[in-house]
Amino acid sequence: MPWQWNELLNATPWVPALLVVALSLVIGLVARFLIFQLIRYWQKRDKPLFKSLENHLRGSMFLFIPLLLIKIGISYVTIAPNIMSAIYTTINILIILSLCSVAIRLTNVVQDILFLRYDISQADNLRARKIRTQIIYIKKVAMVIIVILGISFILLNFASVRRFGTTILTGAGVAGIIIGFALQKSLANLFAGIQIAFTQPIKIDDAVVVENEWGWIEEINLTYVVVRIWDLRRLVLPITYFTENAFQNWTRNSAQILGSVFLYLDYSMPLAPLREYFEKVLDETELWDRQTQVLQVTDSTDKIMTIRLLMTAKNSPTAWDLRCYVREKMIEYIQQNYPQSLPKFRASLSDEDQATIAQSIADHPSERIQNKQ
């Protein structure tokens, strides 16, 4: 049996190479299996972390460990130098790609854990939205850096590219100027993103008004921002828009929103029962955050008075629903209890006009009776 094994190994250099590859794959897959079994075991103690590790690393770890073992094992096989060089280069490239995949997925794991800590579903989520905005942008920058480093290390596996790199470094000054002009727009977007991530004129889930459209910040990417409009359309803007143009941010310092409703009523409308009913409407709904309620006459004309109702809600979507709810209830109350106080037009008649109207009524009594009926 030992003689047959030695004869098999010495028959051709490809036989031991294939054996090494097969053995490395088996050992690597077994090691991967054991690692994920350990991760599943530790899920019982720290479930979010290890669940995220399993979800994100399952695919990328499939090749990483076997490739490492293949690289170690192949060095013990005798193969022609030119073929060995090609094999080494191929394995190195695959290892770099796999390592980049693992690194990118680890950034997703870190993001998942930090997102659990900074939950934006709470009512007072200002700090969480600030941190999340920074986390998202830093993660995207880290992913770009990982990809650039991965491509660089792959190219360095080729001697011609290494010589080209030396030439580039020799003329770094001129090359830097050329590259700077070529990437001017991209660099502007990158620095605008860094400025937004740390000065934070906008944050994830901010309520904003841009281009005469009202919506929420849904995504902040390296080069563009996605605004979710209230009717579910998406407005995509370059990230430099928010550093170069004026816009409204309704939740810059707090998620709480002050909503307003305007009523236009006749002067005959008594304010005391209207104010009492307004307070009752707010007390009966969960949309109101129990912070602010104000009823004021803010304007008056020769025909109507303007009544403004102010109320607060925990966030902008809730504030919109609260405003609509209060408006409906107040109109319904006025219709049922004070219909005479709805807006009306008054006319002033001269003595001659009054006499003409009285004479017309006297001349057509049947029409007057019919109109009454």
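Using N, Cα and C of the backbone, Cβ positions are placed for all residues, glycine too.
No curator has checked TrEMBL annotations; they are predicted automatically.
Computed from a predicted structure; not experimentally measured.
According to TrEMBL, the protein has these features:
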- 14-39: transmembrane segment (TRANSMEM)
- 60-79: transmembrane segment (TRANSMEM)
- 85-107: transmembrane segment (TRANSMEM)
- 137-158: transmembrane segment (TRANSMEM)
- 164-183: transmembrane segment (TRANSMEM)
- 186-252: domain 'Mechanosensitive ion channel MscS' (DOMAIN)
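Same-chain residues lying 6 or more positions outside the transmembrane segment (85-107) and placing a CB less than 8 Å from one of its CB atoms are 56-57, 59-61, 63-64, 67-68, 70-71, 74, 79, 139, 142-143, 146-147, 149-150, 153-154, 157-158. The average per-residue pLDDT of the prediction over the domain 'Mechanosensitive ion channel MscS' (186-252) is 87, rounded to a whole number. Residue counts for the domain 'Mechanosensitive ion channel MscS' (186-252) under DSSP, helix first, then strand, then coil, are 18 helix, 25 strand, 24 coil. Listed as Cβ neighbours of the transmembrane segment (137-158) (distance under 8 Å, sequence separation of 6 or more from its ends, same chain) are residues 89, 92-93, 96-97, 99-100, 103-104, 107-108, 110-111, 165, 190, 193-194, 196-197, 220-222.
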